[in-house]
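**Student:** What follows is a structure written as structure tokens; I'll ask about it next.
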Amino acid sequence: MIPIDIVERGLQDYAACFDEMQTFTARRGPDTPDTIWLVEHPPVFTLGLAGDPAHLLAPGNIPLVKVDRGGQITYHGPGQVVAYLLLDLRRRGLFVKALVDAIEAAVIQTLATYNVASERKAGAPGIYLSSGPHAGAKIAALGLKIRNGCSYHGVSLNLAMDLSPFTQINPCGYAGLETVDMVTAGARDASGRAVDANDWQTVSRDLANALVAQLQQRAQAHPAEAATA
């Protein structure tokens, strides 16, 4: 089983992290370890390759960074857990669809650990609350880039955020889409304590461990047939 390193990078400027992801992927060799970076960003909007700038309704003083992932516009900020997956998909024998499925399953698994019920939506990547007063609201977004069979970018899970910047955009291109965090969803740990921003490290580690478990479950027997983008 091919290991996956987990690296806690803490608070980091988005543009600098984006540059590092591109450089890491461009310099990969056959023996470069697969890794998951756990990051928190200062406030920033990011717009995907095919993103429509019209979905940025009111930028205010939050910078916009155009990036090479799929998807539309999203927001990153303090209190959000971001996991970047820098993986050699061919070596792991993973197709892109299996990677997306693993990411979404890991988020659902992590939220369930904190007593938050969530689900996928067909045709709308990400994870959404499945019950309660905020049913249908988005709590996690994902976007990926595959280059020479290797992935970067990843998934963001809203933990304890100022959610107001999401009202300045059409999140992921959907006008009026409600966006929530784990605090709003009433997340609680195993002891019944309500989670807050101080749980960032614990939640990020839980998400990373769930990602590793889901990815290992989906490893294929024939790596050469995997991702070719």
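Yeah, the Cβs are placed from backbone N, Cα and C, and that goes for glycine too.
Below are the features I grabbed from Swiss-Prot:
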- Cys172: active site, acyl-thioester intermediate (ACT_SITE)
- Arg69, Gly70, Gly71, Gln72, Ile73, Thr74, Tyr75, His76, Ala141, Leu142, Gly143, Gly154, Val155, Ser156: substrate binding site (BINDING)
- 30-223: domain 'BPL/LPL catalytic' (DOMAIN)
- Lys138: site 'Lowers pKa of active site Cys' (SITE)
**Student:** Want to know which binding-site residues, from Ile73, Tyr75, Val155, are within 10 Å of Cys172 (active site, acyl-thioester intermediate) at Cα; which are they?
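**Tutor:** Final answer, ordered: Ile73, Tyr75.
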**Student:** Under 8 Å Cβ to Cβ from Ala141 (substrate binding site), same chain, six or more residues apart: give me those in sequence order, or none if nothing qualifies.
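**Tutor:** Non-local contacts for Ala141 (substrate binding site): Gly71, Thr74, Pro125, Gly126, Val155, Ser156, Pro171, Cys172.
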**Student:** For Val155 (substrate binding site), what is the secondary structure by DSSP, using just helix, strand and coil?
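**Tutor:** Its secondary structure by DSSP: strand.
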**Student:** Would you give the longest CA-CA distance, in whole angstrom, between residues of Arg69, Gly70, Gly71, Gln72, Ile73, Thr74, Tyr75, His76, Ala141, Leu142, Gly143, Gly154, Val155, Ser156, the set recorded as binding substrate?
**Tutor:** 16
**Student:** Under DSSP, is Gly143 (substrate binding site) part of a helix or a strand, or is it coil?
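**Tutor:** Strand, per DSSP.
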**Student:** At the Cα level, what's the spacing in Å between Ile73 (substrate binding site) and Lys138 (site 'Lowers pKa of active site Cys'), rounded?
**Tutor:** 14
**Student:** Does DSSP put Lys138 (site 'Lowers pKa of active site Cys') in a helix, in a strand, or in coil?
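**Tutor:** It is in a strand.
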**Student:** Find the average pLDDT over the domain 'BPL/LPL catalytic' (30-223) in the predicted model and report it.
**Tutor:** 95
